[in-house]
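A.B. asks: Below is one structure. I have some questions about it.
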Amino acid sequence: MEYTHQSSWIIPFIPLPVPILIGVGLLFFPTATKNIRRMWVFPSIFLLTIVMIFSIDLSIHQINNSSIYQYVWSWTINNDLSLEFGYLIDSLTSIMSILITTVGILVLIYSDSYMSHDQSYLRFFTYLSFFNTSMLGLVTSSNLIQVYIFWELVGMCSYLLIGFWFTRPIAANACQKAFVTNRVGDFGLLLGILGFYWITGSLEFRDLFQIFNNLIYKNEVNIFFVTLCALLLFCGSVAKSAQFPLHVWLPDAMEGPTPISALIHAATMVAAGIFLVARLLPLFIVIPSIMSGIALIGIITVVLGATLAIAQKDIKKNLAYSTMSQLGYMILALGMGSYRAALFHLITHAYSKALLFLGSGSIIHSMEAIVGYSPDKSQNMVLMGGLTKHAPITKNAFLIGTLSLCGIPPFACFWSKDGILNDSWLYSPIFAIIACSTAGLTAFYMFRIYLLVFEGYLNVHFQHFNGKKNSSFYSISLWGKEEKKKLKKKIHLLALLTMNNNERTSFFQKRAYSHRINRNVKSIRRLFLDSTHFGIKNIGFFYPQESDNTMLFSMLVLVLFTFFVGSVGISFSQEGIDLDILSKLLIPSIDLLHQNSKNSVDWYEFFTNATFSVSIAFFGILIASFFYKPVFSSLQNLNLCNLFQKGLPKKIIADKIINIIYDWSYNRGYIDAFLEVSLIASVKKLAKFNYFFDRQIIDGIPNGVGISSFFMGEAIKYVGGGRISSYIFFFLLIFLVICYSIFI
C-alpha cells in the first residue's frame, strides 16, 4: 500500500515517452519514423493502459481505506520563499485518473483508424499523448501552482488539437477563439491563486483549506476580498468547462478531429473545470454567496445549452451544446453542495458522451466518402437520414448513448441525472422546475439528432437533384486527398424538383419536410440503382458504409460502460449488501444536502422520483418523434394536424413565436453577434490605436532623434570640412542673415 502511494508520482509521466520519441524520431530520422507511423499507436495505448491499471489499484486502496496520501518535495530558494511540488492521492484523483485513462485508451484505438488517411498522423498522436499527460498531471497535483502549470498545458494541447487542421481558416479561427476565451478565465484563476496565497500564506491544498477555514471561523479576513478571490478562482472553471458567459468557444471547437471532440468533451478539458470546482469545494463551501453564484451559473448554462441545441444542423455542434448543458448540471450540483451527485454525473456523462461523439465520427467518416472532406456537408444532419440499414452497429450504439443522455433506465446517465434532479428539489423549487424542464428538452434535441441521422431516407441524393447543384463538384480536403464526384447535367427529375427540401432544420414547421420526400421515394427507388432510364451510363449513387472493426470496437466497449457504469453509484443497501461503490470511495464526502443520510434509498421514493423524471424524458422523445419520425407523417396526410392547427386561435402569432425561438437558437442566442459588436469591435479599435501609438509615438521619438542627429552631423561635417569655399559660403550666409534681421 505504502509503496503504491509512493510510486504514484510517476503517473503523469508514464505516457510522456511517446511524444518525446516521436519528436526525436521526426527530428533525426524523419523518413523511418514516418514509414512506421502506424506502429506508434501501440506504445501509446500500452503506456496509458499501465496508468489505468495503476489508477484502478489506487481506487481499490481508496475504497478499502478511504485514506488521503500527500507527498511533497520542498525546493527552498531562500529563508522566506520555497516552492513545493508533490502529488495528492485521494478519491477524486482516483476517479479522474480512471476516467482519463479508460476514455483515452478507447479514443487512441479509435483514432488509429479514423486518422489513418491523414498526413499528420504522427503529430496527432503526439498531441493526444501529451494531452493525456497534462490532464493526469492536473488531477494528481497537490497545490495550486502545479494545478495552474498543468492547467495551462491542458489549454495549450486543446489549442493545438482544435486547430489541428490549421490550413482551414475556420479551424485556425476556432482554436484562437478557444485560446483567447480561456485566457480570460485563466487570468482570473491566476489572480485568485495569488489572492489566496496572500490570505493564507500557503498553496498546498491541505494547509490552504485548514488555514482558510480557521480564518473564516475567527472572522479574521475581509469577507468581500475573500469572496472576490473565490470568484476569480471559479472564473477559471467557467471558461474551461464552457459555462455561461465564457461558453462561446465550445461549438467552434468542433473544427478539430472528432476523436479529439470525444476526448475534450468526456474526460479532459471540460472535465478539468468540474475537477477544479470539486477540488476547491472546501474553500467555496464556507462562502454562501459563492455557492449560490455557482448554482446560478450552473442553472443558466443548463437552460442555455439545451435551448441552443434544438435548431443546430451540425451534428457535432449539437452534441457540443449538449455537453455544455450537462456540465451545467454538474456545476449546479456542486453549487447546491451535492458533491457525490456531481461526480457521479461526471462519470456517467463521460462514457455516454464519448460514445455519442465516436458514433458521430463513424457517421461523418462514412458520409465523407459521398460528400467529400467538407465539414459543412459531412456533418450536416440535413444531408443524412436513413442510415439505419447502412450502419446498423453505429445506429444501435448511438441509440444507446442517446437513451442514456435522455435519462432512460437502465442506462448510466439515468442514475446520475435523477440524483441531481432530486437534490434540486431540496435546494430550490424554482431551480428544480427549470432543471426538470431542461431534462425534457434534452430528450427532445437528442432524439432530434437520432431521427434526422438514422430515420427516413438519405437526403444527400435529393440535394443533388434539387436543381441548384446539377454540375460537377469537388470534395477538396486541405488535410487529405482530393476526390472528384461527377454528376451529369443531363439528369432532370421534375418530381424531385418540386419537392420542398429546405436545408433549414427547425424543430417545428421550418424543418426539412422529410415525410414529403418519403412519400415519393418508393416510386423512384429504382433511380438509385439504375440510371439507364435517363440515357446516362455509369451513373450510380453511393451510400454510407459501416465503419471498420477498429472504430466499432471502441464504440462497443463504450456501450458496455454506458450499460454498467451507473451501477457504481446505485444507492441501494439491502440486508447487508451495499452496492454504492461511489459513496464508499468518497468517504469522507462533502455533501450538504445529505449530511445525515446513510446513502440508501427506499424503493417507494426511488420509483416515485424515477417515474417523474422518466416521464419527462419520454414526453420530450414523443415530441421529437412527432415532428421528425417519418411514421408520423401519416397524421399530416390525414389532415389531423391541419384540423388541430385550425382550431388554434392566433395561429399567426404562434408561428411568429416559433420563428423567434428558432432564429434565437440557430443563431446561438445572438451571444456571438453581441460580443462581436460590443466587445470584439472595441478591442480591435483599441488594438489599432495601440499599434499606431507604438509605431508612431513610442518608436517615432527615438527614430526621430536618430534621424535628426544624422542630418545635424551631416550639416556640421560640411561646416568644418576644411574647404575655403564652404567657410566663405557660410560666412556670407550668416552675414546676410544678420543684416536682414537688423535692417528689416
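Glycine is no exception: its Cβ is also placed from the backbone N, Cα and C atoms.
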A.B. asks: Looking at the candidate ranges 354-374, 648-668, report the one that Swiss-Prot labels transmembrane segment.
C.D. replies: 354-374
A.B. asks: When you scan the chain for residues with a C-beta under 8 Å from the transmembrane segment (327-347), skipping those not six or more beyond its ends, what do you find?
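C.D. replies: Non-local partners: 92, 95, 99, 237, 241-244, 270-271, 273-274, 277-278, 281, 285, 291-305, 412-413, 415-417, 419-420, 423-424, 426-427, 431, 435, 565, 568-569, 582-583, 586, 589-594.
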A.B. asks: Any chance you could find the range in 40-60, 89-109, 612-632 with the most Cβ pairs under 8 Å to the transmembrane segment (425-445)?
C.D. replies: 612-632
A.B. asks: Are there three or more C-beta pairs under 8 angstroms joining the transmembrane segment (89-109) and the transmembrane segment (258-278), sequence spacing 6 or more?
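C.D. replies: Yes, the stretches contact each other.
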A.B. asks: Going through 9-29, 89-109, 125-145, 147-167, 396-416 one by one, which has the most CB pairs that fall under 8 Å from the transmembrane segment (552-572)?
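C.D. replies: Counting Cβ pairs under 8 Å, the winner is 396-416.
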A.B. asks: So are the transmembrane segment (125-145) and the transmembrane segment (40-60) touching or not, going by 3+ C-beta pairs under 8 A with a sequence gap of 6 or more?
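C.D. replies: Answer yes, regions in contact.
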A.B. asks: Would the transmembrane segment (89-109) count as touching the transmembrane segment (40-60), if touching means at least three Cβ pairs under 8 Å and pairs must be 6 or more apart in sequence?
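C.D. replies: Counting Cβ pairs under 8 Å (6 or more apart in sequence), the transmembrane segment (89-109) reaches the transmembrane segment (40-60), since there are 3 or more.
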A.B. asks: Select the range from 40-60, 280-300, 612-632 that forms the most Cβ-Cβ pairs under 8 Å with the transmembrane segment (396-416).
C.D. replies: 612-632
